[in-house]
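Undergrad: The structure follows.
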Amino acid sequence: MPFDKQLPQGVSDLYSNDYEKKEYVIGQINQLTKLYGFKPIQTPTFEYYDLFMSMPNTLDTDQMIKLIDHDGKILVLRPDATIPIARMVASSADKKPFERLSYVTNIFRMQNGESDVFSRSFTQLGVECFKEKDAYVDVEMIVLAIESLQAIGVERFQIDLGQAKFFQSLLKTMNLTPADERLIQEKLEQKNESELEQVLGKYKIDKKSKNVLMRLTDLFGNPLSVVNEAKSLALNDDMREAIYELEWVVQQLEELNLADYISVDLGLVNNLNYYTGLMFQGYVHGFGRSIIQGGRYDRLTEEFGLPMDAIGFGVYIDQLIDVLEKQHHFLKHETIQVGVHSEKTIEAFQVARQLRQAGMVVNLFSYETELNVDLDQKLIQLRDEHTPFESTEDLIDKVGHMYGKN
Amino acid sequence: MEKIKIALTKGRLAEKSIQLFETMGIRFSAFYEDSRKLIIPSDCENFEVILVKALDVTTYVENGAADLGIAGKDTLLETNADVFEIVDLGFGKCRFAVAGPTHFDINQAVKLSVATKYPKVASQYFSDQGKQIETIKLNGSVELAPLVGLSDVIVDIVETGRTLDENGLEILENMHDISARLVANKASFKTKNQALKPLIEEVKEVIAVRQG
């Protein structure tokens, strides 16, 4: 195929059926976020590279898709949804309306791999709540995440909770260099027990802290038992506080009868320079990637000069559609269309308008449709069946009846 | 019970992995019957082994096509996959090394050219030392490259060093030690934990016994 008719790597067209699915998924979740008081917002598709560069270690700058502005400044296509929203909130003069924000947006990432599994442009739906830190909000966000997945009929999913502060408070006591901290975090993130042990062997760390770090690789699963064990591992007040916070959230979720959807992993330590408290990820049984990512980030707006606590999560819409397809959730319920035919075109237009007002899909003058109306012969044809009609009212009544049945 | 899929590296590593499962009482009789089959169910039918190329193990696991995988640390370093690396299995031991003609001085070369199957590992290693290199990606018989003047040195995995020796090359620098690792898909590890945890615990026990 000639170059000018091909698509670049990592992007794709969405045909009507697929787009309808996407609209459906987004619509269902957004109905819910509205009921929770979230108001939709939009940030620009591209912003200055410096905005994302100034965030310490949050995003891989190699993965950003860059453009050069006419004055030579570097722009990037939105590589993350939350940072621009934090910027927007912090730079707004009017703080009041910014409390609960929702978005549906495309995220752009350069994928440098040889395979095309990861798309370079994907849709994320998310909510962000900017409000003074409050444990009730943490619970509410997790409930919203669970209800969002329920609303579109996802089965066998699981929300895995973590607590950034537990690990962060432990690291703080060790006085390591940032590079060493990163190395420990990397090994823990991989649950790589043997290499973590090797790495820890190189540093002068007291035995107790070392033990707790090693235990973290395996500290996941049933919420209450993990929390209980973690309590006995807490070495200082900050760690204890982190665990009590998590325990409270878990208890609330249990009492709301949502315990079945919850697991806890205290070794969940990715994106730690971003998250400051509760973190969570959503997984679906039999699907290899996370479909929800979220957590509390109380220090992000500080980067823009306005300290404000915040918590949010994002749903990967494209992956969610894959999940629903895997679970056979999109039954074919395509609506039928009505064709209207007449020598007198004006009359056909008028009847079509009335049918549409009655909520039917009309494809004027088409013979591809299952249901056809011949105004000149006063006949309604549904497949091989012909039904006569008297007046326009009678027509709309009869067509409506057949339309409803099919 | 739902089947657990395990991706193994075709060849010697697969044999050793299958032996490991056998010591745990999980038999794959079909593995010995027909060597061309790529999907092999366990005799108890609770597990399924998929045989793939070394560098593909992490691809299968990362994308959730396999729940678990056994791959060499060399391929994990090269692919940099987003998986859990749960157990160091202790077998398949070898190391990454820089090798070249005898007495070749790496520090003398203005722009070192390195032939390797592992370009990412090679660039990372040298860039950590602040050295610029030129990588030449090959798919096999890497030892040939310095002999015919394609590159100055090679970066490859070395087990006994015999192949190097026979081709008149020697180890110039040792890089990292390598062994086989049990890896897991991050989502499976969470959603199928009830099934995976006992298996992983048993693997750890067997390995601990083996290593005394």
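Even glycines carry a Cβ here, placed using N, Cα and C.
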Undergrad: The L-histidine site in TrEMBL lists A:ASP80, A:ALA81, A:THR82, A:GLN124, A:GLU128, A:TYR274, A:TYR275. Which one of A:ARG109, A:ARG156 belongs there according to the record?
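TA: That L-histidine site, as TrEMBL gives it, pairs A:ASP80, A:ALA81, A:THR82, A:GLN124, A:GLU128, A:TYR274, A:TYR275 with A:ARG109.
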Undergrad: Need the DSSP three-state call for A:GLU128 (L-histidine binding site) to compare against my parser.
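TA: The residue in question, A:GLU128 (L-histidine binding site), is strand (DSSP, three-state).
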Undergrad: Give me the non-local Cβ neighbours of A:GLN124 (L-histidine binding site): same chain, 6+ apart in sequence, Cβ-Cβ under 8 Å, ordered along the sequence.
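TA: The answer is A:ALA81, A:TYR103, A:VAL104, A:THR105, A:ASN106, A:ILE107, A:GLY314, A:VAL315, A:TYR316, A:ILE317.
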Undergrad: Among the binding-site residues listed here, A:TYR274, A:TYR275, whose Cβ has the fewest other Cβ atoms inside 10 Å?
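TA: Selected from the binding-site residues A:TYR274, A:TYR275 on minimum Cβ neighbours within 10 Å: A:TYR274.
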Undergrad: If you draw a 10 Å sphere on the Cβ of A:THR82 (L-histidine binding site), how many other Cβ atoms land inside?
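TA: A:THR82 (L-histidine binding site) is surrounded by 22 other Cβ atoms within 10 Å.
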